[in-house]
Amino acid sequence: MVVRQNGRWSGHLKTFAMAATIALGLFFVLKASLHQGAPFGLDTKPKMIVFVTPTYRRMNRLADMTRLANTLRQVPALHWIVVEDGDWTVKAVDDILRRSQLPYSYLAGVAPGVRRSDDAKGWWQRNMALEYLRNNTEKIVGPTLQANVYFGDDDNTYDLRLFEECIRRVERLGVWPVGSVGGVVAEAPIVENNVVVDWLVRYLPSSPFPVDIAAFAISLDIVISKNPRFEPKCVHGRQESCFLLQCGVEERDIDAFGVAEPGHPPQELYVWHTRTVRTSDPPWDRPEYKDYVLDLE
């Protein structure tokens with residue numbers, strides 16, 4: 001596994017000088033979270049959001065990551081864990097993370113013996129991020145260990161209200177509607193008397209938790225105590241269902257946010273599972289392209 005921490009290499013270092021460099025780097029990582037223009041008072045300690053993003057090389061990846069960075073940089077008290085689906089981190093991506101001025105960790109790793117596909121894409125990288133978070137909890141979150149974990153794809157679209165009105169308010173497991181997902185305009189939990197009783201979904205509605213990856217966040221306490229993991233093949237059809245079953249949370253204990261209520265004005269959506277259309281990479285080894293930063297396979 002390769003790790004970069006806010007643009008600085010981390011790992012088993014053999015010299016005191018290199019160890020000192022990393023220690024200084026980690027100091028600035030933690031310091032960065034104090035200088036993001038957060039709208040909180042000095043005596044207020046907002047719950048940290050750990051935003052986990054698997055990513056891979058493709059023609060539009062730098063555009064997607066730039067767009068996402070410009071969103072996340074407006075969110076206070078957030079640590080961004082990005083995991084490259086590859087053997088090495090990519091300088092162009094690391095430059096985007098560094099320019100965002102967010103506290104971040106940049107890892108790289110490939111699932112052994114697994115080819116990337118729509119079914120398996122990202123599960124190994126999300127597990128790697130969770131393991132890294134468990135092993136570096138205080139360094140990432142701080143001594144209070146108060147945080148919520150959200151899995152955000154690099155090509156999804158996020159309203160800033162998602163972070164303050166949904167993710168940061170989660171106690172154990174929180175869910176909310178998602179647009180442009182599962183072959184329908186939106187999926188959403190159905191709530192009665194503040195309890196999730198059903199799900200407005202078309203894709204595999206019989207799954208125990210028929211939710212999209214963008215539709216939930218979990219507490220750091222669950223990540224540490226229950227050690228949930230994404231599996232390459234889920235018997236329930238949705239990786240999210242198998243993952244959430246491991247969290248030991250029942251539907252009656254779920255916090256639901258942003259759900260439409262009868263008799264109230266229509267509810268706005270805060271997240272859309274938009275997807276960058278994968279196209280064949282154009283010929284890029286022509287001389288006129290050599291002076292541009294490209295990120296192609």
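For all residues, glycine too, the Cβ spot is worked out from N, Cα and C.
For reference, TrEMBL has these:
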- Asp155: Mn(2+) binding site (BINDING)
- Glu187: site 'Interaction with galactose moiety of substrate glycoprotein' (SITE)
- Glu240: active site, proton donor/acceptor (ACT_SITE)
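Recorded features from TrEMBL, shown on the structure.
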| residue | record | Cβ within 10 Å |
| --- | --- | --- |
| Asp155 | Mn(2+) binding site | 20 |
| Glu187 | site 'Interaction with galactose moiety of substrate glycoprotein' | 26 |
| Glu240 | active site, proton donor/acceptor | 23 |
The residue listed as 'active site, proton donor/acceptor' versus Glu187 (site 'Interaction with galactose moiety of substrate glycoprotein') - Cα distance in angstrom: 14
Rounded inter-Cα distance in Å - the residue listed as 'Mn(2+) binding site', the residue listed as 'active site, proton donor/acceptor': 18
